[in-house]
Each structure stands twice: as structure tokens, then as C-alpha cells.
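The structure under discussion appears below in the form of C-alpha cells.
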Amino acid sequence: MGFRKKNKSPPVLSHEFVIQNHADMVSCVAMIILLGLMFEVTAKFAIMFITVQYNVTQTSEDKPEPVNFYQYGPKDIATVFFYLLIAIILHALIQEYILDKINRRLHLSKTKHSKFNESGQLAAFYLFSFIWGCSILTAEEFVTNPTFLWDGYPHTHMAFQVKFFYICQIAYWFHALPELYFQKVRKEDIPRQLYYICLYIFHITGAYILNLHRLGLVLLVPHYLVELLFHASRLFYFSNENKQKGFTLWALLFVIARLLTLTLSVLTFGFGLSRTDNQGFSLADGNFNVLTVRMTCLSAICLTQAWMMWKFINFQLKKWREQSQIQASKKKAVSPKSKPTKKESSRGERSLNADADSISNISNSAEYPGQCLRDNCE
């Protein structure tokens, strides 16, 4: 991990060397890009990485002052790359100066240690994104006029905050891919994390390219709130296993968020966009309002939500089944009809301990579908 002091230095450019010093290496690359601003020859290339591109100035009769909007284009790849580097640096800072210090106090097992780090990083990201997303939505008309999701489509012009929000979202989820290597994620956890990382990239990038950034933002904000609650609850659970009330609230909000996502998606693709005057397909104009694209987007969202609910229901059923087995074992152990012998008593205690251990393992490693786009593990 970068920023760490190590007693024994591994061989230069070895896997362990790269893992331990990756944040320092990435910091050097980001610094080189920033230094490019100091020279006139390289400044125009450095600006492409650092600032948001494709500025469009418009004037209206209502506002005499010109208003700046932004579109998307190929240069956004460079901007995403730069903020991907920033995300890696921030990830290392949070890990080194916050999560590692807490881990030393809690003395968690290797499995819990890995999940604690995952929840800590995601909770920080979800909190920041939720607050940022809410601040953007308060300036929009969605609360008073839901038709703003499709009115005036294609929404090729974005405010600075909206475009920068999407750039940072895409950069963060792309940064999560190399972090699987940098954080030495266990092989059995890699497929699960790859699923939700790729789903996030697919959905967020799709909303950005198809000019559906309004719908994407509205769906991400409540989804991030639900995920924030889950990961915060899991952090409290690792610090004290008696603190499990947050999971009950999360389960309720998880179902509500899925229903809200389906409702808004059907309303937008099934009714709103299909009735607008601007129908057609044009890459130059950024218009993708045709039946094929609408049905593909709606199907992708519905399938994702159905898959998440299926995983969620299976997880809850498995958990309830195990809890009922524990309750049945406890009733047998305290039954007054017959006094158990010493051998039966010790055998019953061992059975109860085994059942309790199995529940603990499920709560620590069972998969569940969190986020508009992922599985989580409790």
C-alpha cells in the first residue's frame, strides 16, 4: 500500500513492490500531468486531462447573461483517466490513515478484515456521492415536475456539476478494477466484486452516452442511500455484533429502492420518451429515442432489478431458515419433559455451538444483492 513505511523493501518492480508503492507511483503520474500546466507547449494537453471539456455557451431571453453547458466527447477519456488516478490516491489515503488504524484496534479475522475495508471504502464513496447528487437535484425541477426526466430529450447539454459528477463516477468505478490487484483481494471474492463493478460501469456509462443523465442521476441518489446504510450497518456490526438493527432498515429500503427504480424507468421509457415529438436515431444530434434503444435500456434495468431481488430473497430465506433451526435447537435443549444425561447435555451444547457458528458464517460471507448494480456480502 502506498504511503506506508516498510522495514523490508521487496525487489524493485516486483509484484509486492508495485502493491506497496502503487499510490506513490500514481501520485508521480498525476504530478507530471499537473506540471504540464506550467509550460505553454504542454499546457493544452494537460488541460485536456484536468478540466471538463466541450464547453458550450448559450444565451436565452429570460437570462441576458450567457450560460455555460457541457457536452460529451472522446476527450472525456483523458479526463476520466486523470480522476481515476486521483481516486487511487484517495483510496490509499483512506485505507492507510483511517481503516488500517481502526482495524488494528478491532483485531478482525482475515475474512472480516477484507470486508471491513471494502465497506469502509464504499461507505465513504456513497456518502460523498449521495450528498453531491442531492445538491444537484435540489437545483433541478424533478421534485416539482417529474416530466423533466424526458422533456426536451435529447439532453445533450449538461451543467458543469452534472458532467463532473458523471466523470467522477465513471473514474471511481474504473479505478476499482486495478484496486482488486492493489488490495490483494482474495480469489473467491474477485468474481463477486467484478460483477457489481462492471454493472456500475455499464449502467452509468450508458446513461452518460445515451444522454439519459437526468434519469441516471435520479436513480443513483436513492440507490446510493440504501447502499450507504448497508455498509455503515456492516461497519457497526464488525465493531459490535449486537448492532444489527441497521440491516432491518436496509432490507426495507432496499425493496423500496427497487420498486422506485422500476417505476421511474417504466414511466420514462414506456410513456415519456415514447410520446415526445423528437423521435429518431441520430449520432450527430445525440438522439437515441427509438423503440429498440428504449426497450433495450428498459430490459437491462428490469433484468438487473429482478436479479438483485432474486439474490436478496434467497439471502433472506437462507438466513430465516438458519435462525429457525437455532430456535428449534434451543427449545429442545430446555425442554422440561425429560432431564438429559451428562452426555446428551454436552452433545446438545455442541449442536447449539455448531448452529451458532453456521449463522455467524452466513452473516459474514453470504452474498446479497446490494446496489442498483451489485451483490454484497453481509
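Placed from the backbone N, Cα and C atoms, the Cβ positions cover glycine too.
Given the structure is predicted, the values throughout are model-derived calculations rather than measurements.
Among the features that TrEMBL reports, transmembrane segment is placed at 29-57 (among others). The list of residues near the transmembrane segment (29-57) in space but at least 6 beyond its ends in sequence, with Cβ under 8 angstroms from a Cβ of it, reads 66-73, 75-76, 78-79, 81-82, 85-86, 89, 157, 160, 163-164, 167.
Annotation source TrEMBL lists transmembrane segment at 77-99 (among others).
Annotation comment: TrEMBL describes 114-323 as domain 'TLC'.
Annotation comment: TrEMBL describes 120-139 (among others) as transmembrane segment.
Taken from TrEMBL, the feature transmembrane segment applies to 159-182 (among others).
Feature annotation from TrEMBL assigns transmembrane segment to 194-211 (among others).
Here TrEMBL flags 217-237 (among others) as transmembrane segment. Here the transmembrane segment (217-237) has Cβ contacts under 8 Å with residues 115-116, 119-120, 122-123, 126-127, 129-130, 133-134, 136-137, 142, 149, 162, 165, 169, 204, 243-247, 249-250, 253-254, 257, 260-261, 264-265, 363, 370-372, 376, 378 of the same chain, all six or more residues outside its ends.
Proximity of distant same-chain residues to the transmembrane segment (249-271), defined by a Cβ-Cβ separation under 8 Å and at least 6 residues beyond the stretch ends, is recorded for 146, 149-150, 212, 215, 218-219, 222-223, 225-226, 229-230, 233, 294-295, 297-298, 301-302, 305, 308-309, 312, 316, 370, 372. The transmembrane segment annotation in TrEMBL covers 249-271 (among others).
What TrEMBL records for 291-310 (among others) is transmembrane segment.
If you look up TrEMBL, you'll see 327-378 marked as region 'Disordered'.
According to TrEMBL, the compositional bias 'Basic and acidic residues' annotation covers 341-352.
Of the Cβ pairs linking the transmembrane segment (159-182) with the transmembrane segment (120-139) and spaced 6 or more residues apart, 3 or more are under 8 Å, so the two regions touch.
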